[in-house]
Amino acid sequence: MNKNSSNIMALAPNTSNKRETVCIFGTGDFGRALGHKIIQSGYPVVFGSRNTQPSSLIPKDAEVLSHAEAAQKAAIIIIAIQRQHYNFLTPLAEILHGKVLVDVSNNLKINQYPESNAEYLAQLVPGTKVVKAFNTVSAWALQSGTLDASRQVFVCGDDMGAKQMVMDIVRALGLTPLDQGSLLAAQEIENYPLQLFPMWKFPILLSLGLTAFFFFYCLTRDIIYPYVYENKDFSFFIVISIPNRICPILALTLLALVYLPGVLAAIIQLYRGTKYHRFPDWLDKWMLCRKQLGLVALAFASLHVLYTLVIPIRSFVRWRLSSQIVSQALNNKTEPLNTTNAWLSDSYLALGILGFFLFVLLGITSLPSVSNNVNWREFRFVQSKLGYLTLILCTAHTLVYGGNRFLRPSSYRWYLPNAYMLSLIVPCIVLVVKFVLIFPCLDKPLTRIRQGWERNPQYSE
Amino acid sequence: MNKNSSNIMALAPNTSNKRETVCIFGTGDFGRALGHKIIQSGYPVVFGSRNTQPSSLIPKDAEVLSHAEAAQKAAIIIIAIQRQHYNFLTPLAEILHGKVLVDVSNNLKINQYPESNAEYLAQLVPGTKVVKAFNTVSAWALQSGTLDASRQVFVCGDDMGAKQMVMDIVRALGLTPLDQGSLLAAQEIENYPLQLFPMWKFPILLSLGLTAFFFFYCLTRDIIYPYVYENKDFSFFIVISIPNRICPILALTLLALVYLPGVLAAIIQLYRGTKYHRFPDWLDKWMLCRKQLGLVALAFASLHVLYTLVIPIRSFVRWRLSSQIVSQALNNKTEPLNTTNAWLSDSYLALGILGFFLFVLLGITSLPSVSNNVNWREFRFVQSKLGYLTLILCTAHTLVYGGNRFLRPSSYRWYLPNAYMLSLIVPCIVLVVKFVLIFPCLDKPLTRIRQGWERNPQYSE
Amino acid sequence: MNKNSSNIMALAPNTSNKRETVCIFGTGDFGRALGHKIIQSGYPVVFGSRNTQPSSLIPKDAEVLSHAEAAQKAAIIIIAIQRQHYNFLTPLAEILHGKVLVDVSNNLKINQYPESNAEYLAQLVPGTKVVKAFNTVSAWALQSGTLDASRQVFVCGDDMGAKQMVMDIVRALGLTPLDQGSLLAAQEIENYPLQLFPMWKFPILLSLGLTAFFFFYCLTRDIIYPYVYENKDFSFFIVISIPNRICPILALTLLALVYLPGVLAAIIQLYRGTKYHRFPDWLDKWMLCRKQLGLVALAFASLHVLYTLVIPIRSFVRWRLSSQIVSQALNNKTEPLNTTNAWLSDSYLALGILGFFLFVLLGITSLPSVSNNVNWREFRFVQSKLGYLTLILCTAHTLVYGGNRFLRPSSYRWYLPNAYMLSLIVPCIVLVVKFVLIFPCLDKPLTRIRQGWERNPQYSE
């Protein structure tokens, strides 16, 4: 047997049946839950508390000692106490010297204090190795064992060895440690559990704004106008007809907005002749939330599909159909098949179906577990090639749906064009510019710029 | 270069090009497949077998020796032999002393033996370090390389060092080791591959029971009753119409049952004035299978959507529509548009669409890879806030669908109310109680209880 | 405190606040991006470059030195330079002796060079420990922090210690290292990022071929035939009607092709009387792309569902309906309900809905994050039992849809049977053979063969 193996060397002689003791300061909910879980994973646990009387709430196998006694028993101390009580640690500074302190605290507001709790702790008790960890884990999830939300535990700290020890515990609990670097990252880690979909804010606000605009636009054209001029009450259009106009408009516009920043970036790079200038901030932010924009667009597209498929079940549509047929029968005439209409109707339906199908495919590949299983080339192929194909199909769907309707005067009530025409503006711009950028005279320099070439090199390698 | 780094220290001098030898007892399917894979990962492998003649089935690079010889070559021995043959190891006890034995065995039935195979092995050959691992991996998957099912390997054992060595091998094979603690966990690990969706049992049995009940209920009301009193044969309703009544009823009821235990738990906590008493067992179990209940409800909702969308294609519906129109035409009358009907019909369709849309969103966020990427606050926001909104929309969908139908005598055939009314019972109870619990006079004490406050504190900290 | 613990032993005395320095040769895009990320993760980074003048592009905290100076500062050197420039390393051989060289390069074509870049590097600079890594990571993704595509980093190398050091860096960057074995694996790792869905090639080519065949088949029967004999222009059938014939045919055929290789394998095993002979190559390859075949089938099934659900919205269908009703009204006759028709129409719709529902369920369980959370037994249950149920339901759906249509002469235009009949061939064969294989006289020996029994044993254990 190869006894030289480092692995064997490290383990064989020192191997012991026990993991080292972990000390937890604080016997609140989170401290107890964490202690319970750590004991289950095979570590001896000792609690440090003001009150050392046994309590039925504290895990059976754990000892409860005074803070000083407990701290002496372990190399690693988890501080499961709120920040405002941290100063009780100052008298213990001598005992804590050289120990690993794990800050698990959270705040109630983002950036509540000037410095993070972990950095505050490191200042309070110098000579200790402070590691931030476990703050994203919920006490309830630890207790019930249903870690449905994230199993990720962000860890940061200035001491590599201390961080390693904490990450070993994290792994032993069946969680995934993610090293976030030095203690400077603690602020961000403490803000993380307070965030509520930060990347989704802009796409959702934008779509709410657009929804409101198009709602009043359609309200004016489709309900108020006929009421004023024809005295017809189509108020029930608010429920399905108008949403089914707004949804496709938003889906198409937002999908185009996913591809617009890429096109803008290409123009900027071509203009500047280099890729080493930073993009303006708004463009950077826009590019980072493209995935979210696309998913919101997909949500609107799905709603559009559902709203469209229920059309034949709607009471109003049935009434319109039957009154049309009855009037035909009463007038004793049968209309011949209009082949052009059949072509147009089938075409826009088919384009919509294929566009939606590709859109759903894009959505599926953006699922983390799927995108993790494709390589970079495949991911780019799906998100760029298939993405543009989706945009083309959806734009064509809208164009064919419109047909020559834009020529009819009835499409301009109160000088307002049909809402679908507005939805075509952004996608058409994106597609036209993209088409121009494909020409070799523009594509070649762009490719060279993206490979690092500069028109006016100002920087040496 | 910082030569003090522990990492470098551990690796630099002892670094070797070879991993330590692994011994496998048993040349059956699983032993060979595992051996093949371990060789591929760079470990030398030696097989221990009664029959040491070379065989074309055994991986080429592996030696085949007698059990005793093979065991002496390695520090780690994988026992790929069935439990009933374990006693051949007793004579080898001296050679095996201090070695790591890896138990990979599975049973045919849950809890087949009083103690787990791994514990039995540890008793048989004292002085060895027994580790349970690899039992969830399939020989076929190892051979074909298509690890479509789980890559997780549960590992447990009393010796930390031995466990670490086994987990290193697991990682080298490209699998994910999950430390399950001491050897006591072996029983559970051995039962795991025999389980068939244990968390789904209750939701599926419940929904089967409810389906059967509502099937006969609707059969009586919609087929037997018209046959008896009007002599009409609507037997084909069994195929689509009745399933399309049962599906929404089950979807709504099961969705409400997802939120009922939370409401019950709140009432119990308010009544007891503490959160430190354990809930009754049935409530605990119920709370743990809420996700499964919700997904079964989503399945029924999806079926309801599909059944509803095919309505206009159904031959019966087309016949009914055309005979209505023909009779209108023959009676020479055109009905005016009933705006109230249009409002009602559009409203319940729109409510259903929005409810289903949110329901699918809930389903997507419960995918493991998605829920792993949200923090706890976001997960709770989606599952609780969006969940209640879904329940409200779906209940409203059913209420508006019913309209004032519950006032008509025709809704009570044989004193049986329309089936949709039964489906409203649980969701309405949940929503009303939840609404009451939101009032500050109840919400405030509840929040305090959940933060650890007790009305009659019996425990000291 | 248990000071004997190996963990503590290894860490406590050597613990240092710093990670060891990493050297990067090359200040191109990828080198800079990787350097930036490595600095963020707490490693000191030194760049080796021909040009040692400071540049604003190079991360601030990094030193830029000559190649020789930089190499002396670190034990690990990342070669972020293209293969054609590797020979500049030859003069540095002495300094590089014993160091870990990380090859991050990629090629432009699959198998561009006879040996992999990493092996070429190892030959060029003997005495170094070459590790292949990071080639699947994109510079852009490193810079922007949006690692949407794979976080997996394939690592291979002949030296275990060197590989471990590189894998530690990979983990520190928040990526997942996957040990692929010795440096021989480098060729495959270098080809990986150039692949474009290799497993999908066969399913997609097959379905394109079948689509083309059935398109011209349906074109002939449904458009050319009526044009020739009845002078009717149904050219717009190309848009929806014909795709809606092709999609279900392909979905059903491909789904059957998923289960055909399993059935063939069983027959081969029964005939040979052993499972230890290898299957023919084509069967092996076929079995490995079953998942992809199934997902393509699901895509066609989804399109079929969408195409079917828009039927009532199609202008042609509305025209046909209204002209039927008008002619009924003009002829003054009302048709009675045809119960048989109602039964058939509802049955095939219900079978289709249930089949599609199960099909989607199969698709969801094949998502990596879902299949990772089920055990082997559950995975097999879903993919085999539910899979066959899906196949049975979809075949029944097609059979009932056809009804007794195959008896009518009008179904054989130009001697070509209706397209749906062709789609039934493969599924019926699979289901009949599978049904035969279930009989005990065949099932028993098959089970024994699969457990390792051989009819004519040629191999000893």
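Heads up, the Cβ atoms here are built off N, Cα and C, so glycines get one too.
Those TrEMBL annotations? Automatic predictions, nothing curated.
The feature domain 'Pyrroline-5-carboxylate reductase catalytic N-terminal' is assigned by TrEMBL to A:21-107.
In the domain 'Ferric oxidoreductase' (A:249-394), helix, strand and coil residues by DSSP number 121 helix, 0 strand, 25 coil. The domain 'Ferric oxidoreductase' annotation in TrEMBL covers A:249-394.
What TrEMBL records for A:204-229 (among others) is transmembrane segment.
Per TrEMBL, the feature transmembrane segment maps to A:249-271 (among others). If one looks beyond the transmembrane segment (A:249-271) by at least 6 residues along the same chain, the residues whose Cβ comes under 8 Å of a Cβ in the stretch are 203, 206-207, 210-211, 214, 279, 283, 286-287, 290, 293-294, 296-298, 300-301, 304, 359, 387-388, 390-391, 394-395, 398, 419-420, 422-424, 426-427, 429-430, 433-434, 437, 442, 445-446, 449-450.
The transmembrane segment annotation in TrEMBL covers A:292-313 (among others).
What TrEMBL lists as transmembrane segment is A:347-365 (among others).
The transmembrane segment annotation in TrEMBL covers A:386-407 (among others). Listed by sequence, the residues of this chain that lie at least six past the ends of the transmembrane segment (A:386-407) yet keep a Cβ under 8 A from its Cβ atoms are 248, 251-252, 255-256, 258-259, 294, 301, 344, 347-348, 351-352, 354-355, 358-359, 361-362, 417-418, 420-421, 423-424, 427-428, 430-431, 434.
Non-local neighbours of the transmembrane segment (A:419-442) in the same chain are 214, 217-218, 221, 245-246, 248-250, 252-253, 255-257, 259-260, 263, 266-267, 270, 388, 391-392, 394-395, 398-399, 401-402, 406, 411; each lies 6+ residues outside the stretch with a CB under 8 Å from one of its CB atoms. Marked as transmembrane segment by TrEMBL: A:419-442 (among others).
Residues 199-200, 202-204, 206-207, 240, 243-244, 247-248, 250-255, 257-258, 352, 356, 359-360, 362-363, 366, 387, 394 of the same chain lie 6 or more positions beyond the ends of the transmembrane segment (A:292-313) yet place their CB under 8 Å from a CB of it.
Residues in the domain 'Pyrroline-5-carboxylate reductase catalytic N-terminal' (A:21-107) partition by DSSP class (helix H, G, I; strand E, B; coil) as 32 helix, 19 strand, 36 coil. Note on the domain 'Ferric oxidoreductase' (A:249-394): its mean pLDDT in the predicted model is 90.
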